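K.L.:
Here it is, the structure, as structure tokens.
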């Protein structure tokens, strides 16, 4: 069975789209025999193309252009989407692909309709519900009020919808058994603001913890784990600025973030896909949104008591971060409440296991259910 995935990563859009598509691809490869997977990705600054290849996948690189830059995070004009489809169709070696997965905010029904020339089934991964799609399956892992009605007028009636965090695309590491030290004496603070962190929220958080909170914190000392993506443009300057900080450990492009989350007393991070990683591990979280499309879901999760929402990155200060962290460090009860509420969002068997079950059943009905 042949499968193609259209997805990008860059400094501007981050690595979240590629991360979840890689998690999906790895799970699919274990589920379906003789699966051939091709990634179609832009060679934008901060791309993950080399990382995708290192995991054993073929990558067809697409040149970046001014239109891509101008419409980052927004739907591309129809003619641009059709040109994009022409380029992708030429890049694909085979004349027939059983499944195309599209995870891209700039692409919609115009792109997918043309891709059907080579692709029998199309699955869209989306978060925004702001444009029409021509697809057979659509996955949106976000949690919002009335989320089940988000795509009512945006897809065909026959489209199979996989909506909500129970379909979150989480990596295998989040399904391993860990032995947490979450509520024991050691206080561990985890900081992770995405693979690129273009706004350098990591620095704002570290200033709050090391320059404001640490000198006045009355309880025992605490450790800080900071996760940075390989494409983070600030990492060298961060290493220099905080070189004198004791009990601070850097983790660059690590593949064990689930273990860090399980062992964290609390986490500081962004919205987006990281929400579901924090929910399934149950780590109490302080969240700062770094994109407009993260705000609604973060607000809703906060209303459910699954996280503390400080606000958008444009408005949050180091002092506010220090106050929020201090509040959590001093209240075991609040941390336990946040952890319990987060775990109710995603159950241990939610996520990729559910997605794979649905996809296997769907493909079987189309005659492509080899496993």
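The backbone N, Cα and C atoms fix where each Cβ goes, and this holds for glycine too.
Nobody curates TrEMBL annotations by hand; they come from automatic prediction.
The feature active site, proton acceptor is assigned by TrEMBL to 17. Among the features that TrEMBL reports, substrate binding site is placed at 171, 277.
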K.L.:
Tell me the Cα distance separating residue 277 (substrate binding site) from residue 17 (active site, proton acceptor), rounded to the nearest angstrom.
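P.N.:
On Cα coordinates alone, these residues lie 14 Å apart.
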K.L.:
In which DSSP state, out of helix, strand and coil, do we find residue 171 (substrate binding site)?
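P.N.:
Looking at the DSSP assignment, residue 171 (substrate binding site) belongs to neither helix nor strand, so coil.
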K.L.:
Can you name the residues of this chain that are 6 or more positions from residue 171 (substrate binding site) yet have a C-beta less than 8 Å from its C-beta?
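P.N.:
Correct list: 19, 22, 23, 26, 258.
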K.L.:
What is the number of other Cβ atoms found within 10 Å of the Cβ of residue 277 (substrate binding site)?
P.N.:
25
K.L.:
If you run the three-state DSSP split on residue 277 (substrate binding site), which class comes out?
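P.N.:
Reduced to three states, the DSSP call for residue 277 (substrate binding site) is helix.
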K.L.:
Would you count the other CB atoms within 10 A of the CB of the residue listed as 'active site, proton acceptor', including those on all shown protein chains?
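P.N.:
Result for the residue listed as 'active site, proton acceptor': 24 other Cβ atoms within 10 Å.
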